Amino acid sequence: MSKEKSLFRQSVVFSSYIILLLWLVKSIEWAFSANFAHFGIYPRHLLGTIGIFTSPFIHGDFLHLLSNSFSLMLLIIILFFFYDKIALRALLFVYILTGVSVWFIAREAYHIGASGVIYGIASFILFSGLLRKNQSSLALSFVVLLLYGGMFYGVLPQDGHISWESHLMGLLSGLIVAFFLRNEFAGQAELKLHFEEISDEDEFPETEASEFTFTSGPQNYQYQYTPKINPINHASNEADKLQGTKLSEEEEKTAE
């Protein structure tokens, strides 16, 4: 199994575990006719701090959970496949930073659901491409913008039952995390293209092209040319030939 296939499989498995956990929590709540809303974030209250860690796993109903599941699963797969070297840190930072900021600034009510984390991951992928400026990351930013561009309207105050504060804080958290991790090697998002050395059977056997690399920094193109003929030895041989020709002409004249 290739490295890319293995990495993709791991990304799918990890995201599936997260989604299964969300559904398990909701199923337990439904089976026991319980209400886990008090595990949400309740801003500026000490007991409400537990929601910083638990609120993304709590949903109001199955429709709420269903609407979040697809987006969360897809974004986690993208994050852990293309940004595999920093994905776990990025996810944890977005997760905690979103929860803490909601606790500080949101309205006094229980804030539940994974949408804040979803906004955070989408924001991280979007702004990582803009900050890193390599082709792969920019392409991912464009994909996220196409798929989730409309959801950014969710950061504006709207229906009182919707935690737009979680959306806004998730968006800002993703931007902040993308900024602080912008110079770290991301993994698959840092594409490297290699050109093989030209073989002896090719037209220019002595020409070597080193690797042509796309990275998050400037593009470096290194080229080295080794001529088949040593110009110094060639010039020396030509001088010897010329001198030999002149000696031959003088010998012919002497013989005449």
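Cβ atoms are placed via backbone N, Cα and C, with glycine included.
Automatic, uncurated: that is what TrEMBL annotation is.
Annotated features, as they stand in TrEMBL:
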TRANSMEM  7-25  transmembrane segment
DOMAIN    51-182  domain 'Peptidase S54 rhomboid'
TRANSMEM  62-83  transmembrane segment
TRANSMEM  90-106  transmembrane segment
TRANSMEM  112-131  transmembrane segment
TRANSMEM  138-156  transmembrane segment
TRANSMEM  162-181  transmembrane segment
REGION    231-256  region 'Disordered'
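Mean pLDDT, taken over the domain 'Peptidase S54 rhomboid' (51-182), works out to 93 on the 0 to 100 scale.
When the stretches 90-106, 138-156, 162-181 are ranked by Cβ pairs under 8 Å to the transmembrane segment (112-131), first place goes to 162-181. For the transmembrane segment (7-25), the list of distant contacts is 1, 36, 57-59, 65, 68-69, 72-74, 76-77, 79-81, 84, 114, 188: same-chain residues at least six beyond its ends, Cβ to Cβ under 8 Å. Taken through DSSP, the domain 'Peptidase S54 rhomboid' (51-182) splits into 103 helix, 1 strand, 28 coil.
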